[in-house]
């Protein structure tokens with residue numbers, strides 16, 4: 001990503017609803033990344049590039065059917081403006097203008113976004129993200145201009161803005177300096193192919209009023225031990241166990257070493273023992 005050379009990562013967003021992105025420009029880690037100059041965001045509304053008084057960006061689908069389809073011309077003009085913005089940013093940052101930003105369309109028909117894909121994107125440069133609306137975008141625009149299509153899951157949303165924000169937030173977390181602790185990203189779920197381990201904070205024991213069992217009220221003793229090696233092994237075991245219970249498909253993709261297999265076996269045996277004692 002551009003930030004590795006000390007320059008900002010540039011992300012242009014083509015959207016009919018730029019105001020929705022206040023969720024990432026005004027809050028949390030993404031806001032700080034913008035303020036620190038780690039990432040630059042710019043928004044391009046296709047309505048700005050229409051020529052009729054109604055600012056029409058959609059029309060009925062050929063062949064009939066429900067809904068409306070976003071037209072090529074306003075999208076293409078918005079994308080052209082985004083390309084010009086990218087060129088200006090590269091000039092300001094003294095980057096070679098031979099570089100080409102990746103054009104991404106957020107779509108239920110796209111490949112499913114995962115951590116590996118975000119890692120690959122994070123190493124590839126700048127982006128323009130297309131957030132569609134209505135029944136979708138004229139396929140001719142996709143064929144002519146889009147480099148990649150990505151989905152955030154097997155369900156349909158009202159538009160591409162929320163998926164675009166998901167992608168931007170995931171990318172920002174990969175930027176050096178975006179997180180307060182560099183280890184935060186390294187310990188996220190999926191960074192090592194596993195789900196994250198459980199986390200606890202004060203107090204050490206919850207009050208009886210929470211009506212949980214005694215064991216559930218207390219922080220696991222190993223986390224209070226100060227033994228960093230034991231804590232590391234406990235966290236790895238919990239990650240392995242959680243992944244086995246909740247996402248066994250992820251485990252099938254990993255080549256666990258012997259120590260990891262031993263930890264997983266321990267977890268499984270402990271779970272079996274607890275289940276037997278409950279019967």
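Including glycine, each Cβ sits where the backbone N, Cα and C put it.
It should be emphasised that the depicted structure is a prediction, and the values quoted were computed from it without experimental measurement.
Features of the protein shown, as given by Swiss-Prot:
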{"type": "BINDING", "residues": "132, 152, 153, 154, 155, 156, 157", "note": "S-adenosyl-L-methionine binding site"}
Other C-beta atoms that fall within 10 angstroms of the C-beta of residue 132 (S-adenosyl-L-methionine binding site):
25
Give the maximum pairwise CA distance in Å, whole number, for the residues 132, 152, 153, 154, 155, 156, 157 listed as binding S-adenosyl-L-methionine.
16
If you skip the near sequence neighbours and keep only those at least six away, which residues in the chain come within under 8 angstroms of residue 154 (S-adenosyl-L-methionine binding site), Cβ to Cβ?
108, 112
Sequence gap of 6 or more, Cβ distance under 8 Å: name the residues on the same chain that satisfy this around residue 152 (S-adenosyl-L-methionine binding site), in order along the sequence.
106, 112, 113, 162, 163, 166, 167
